[in-house]
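Worksheet: the structure to be examined is printed underneath.
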Amino acid sequence: MSMEDYDFLFKIVLIGNAGVGKTCLVRRFTQGLFPPGQGATIGVDFMIKTVEINGEKVKLQIWDTAGQERFRSITQSYYRSANALILTYDITCEESFRCLPEWLREIEQYASNKVITVLVGNKIDLAERREVSQQRAEEFSEAQDMYYLETSAKESDNVEKLFLDLACRLISEARQNTLVNNVSSPLPGEGKSISYLTCCNFN
């Protein structure tokens, strides 16, 4: 694939405990699907989605990593080349939230110091089973200087907003020459292209 096919290429890696819905978020955004009974990711997988933002083609290489401890050494190797990390937890699972500091330590150890990190609370369609309040998560994200968003991969709530706002932020950072545009990774078949005319606040 030549550089003429896109203006920007960014690598986004989803991390977090097993079962929080990382694969479902990726498939909802890239394929418009919610896979019922989705099994745990084995190792690492990735998909491609091309979006158009303010007339520029942005290719997002979205990596879905396994959350199980036995795959941790594999997934850690993908941190370094990531432009952005989406740290995901399940709002109905207290344990997945309490593990966030451990994931942040891994980010600090293995990721670039210029990586953009976003905190996502998934499964808001199960609000009646919520174990982690939105206020608590917002306070945690503010303390860690992370953008926070709640999503539902099942209902598609805020999923597109998550990735497109992140793409806007990545473009802004790239223009300031604070990110390396990683174009060395192989690209599989593309997902659908969509347009996004304006960038939302993503600070």
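Just so it is clear, glycine is given a Cβ too, placed from its N, Cα and C backbone atoms.
With a 10 A radius on its CB, Ala153 (GTP binding site) counts 28 other CB atoms from all the protein chains. Look at Swiss-Prot and you will find Val20, Gly21, Lys22, Thr23, Cys24, Thr41, Gly67, Asn122, Lys123, Asp125, Ala153, Lys154 tagged as GTP binding site, backed by a large-scale study or a structure entry.
Marked as Mg(2+) binding site by Swiss-Prot: Thr23, Thr41, Asp64.
As annotated by Swiss-Prot, region 'Switch-I' applies to 36-44.
Sequence annotations record features per position, and here Swiss-Prot assigns region 'Switch-II' to 67-83.
Per Swiss-Prot, the feature S-geranylgeranyl cysteine maps to Cys199 (among others).
Here Swiss-Prot flags Cys200 as cysteine methyl ester.
Sequence annotations record features per position, and here Swiss-Prot assigns S-geranylgeranyl cysteine to Cys200 (among others).
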Message: I need the most crowded of these binding-site residues: Val20, Cys24. Count other C-beta atoms within 10 angstroms of each C-beta and give me the top one.
response: Val20
Message: So if I draw a 10 Å sphere around the Cβ of Lys123 (GTP binding site), how many other Cβ atoms end up inside it?
response: 25
Subset of binding-site residues (Val20, Lys22, Lys123, Ala153) lying within 10 A of Asp64 (Mg(2+) binding site), CA to CA, in sequence order: Lys22
Message: Measuring Cα to Cα, how many Å separate Lys123 (GTP binding site) from Thr23 (Mg(2+) binding site)?
response: 13
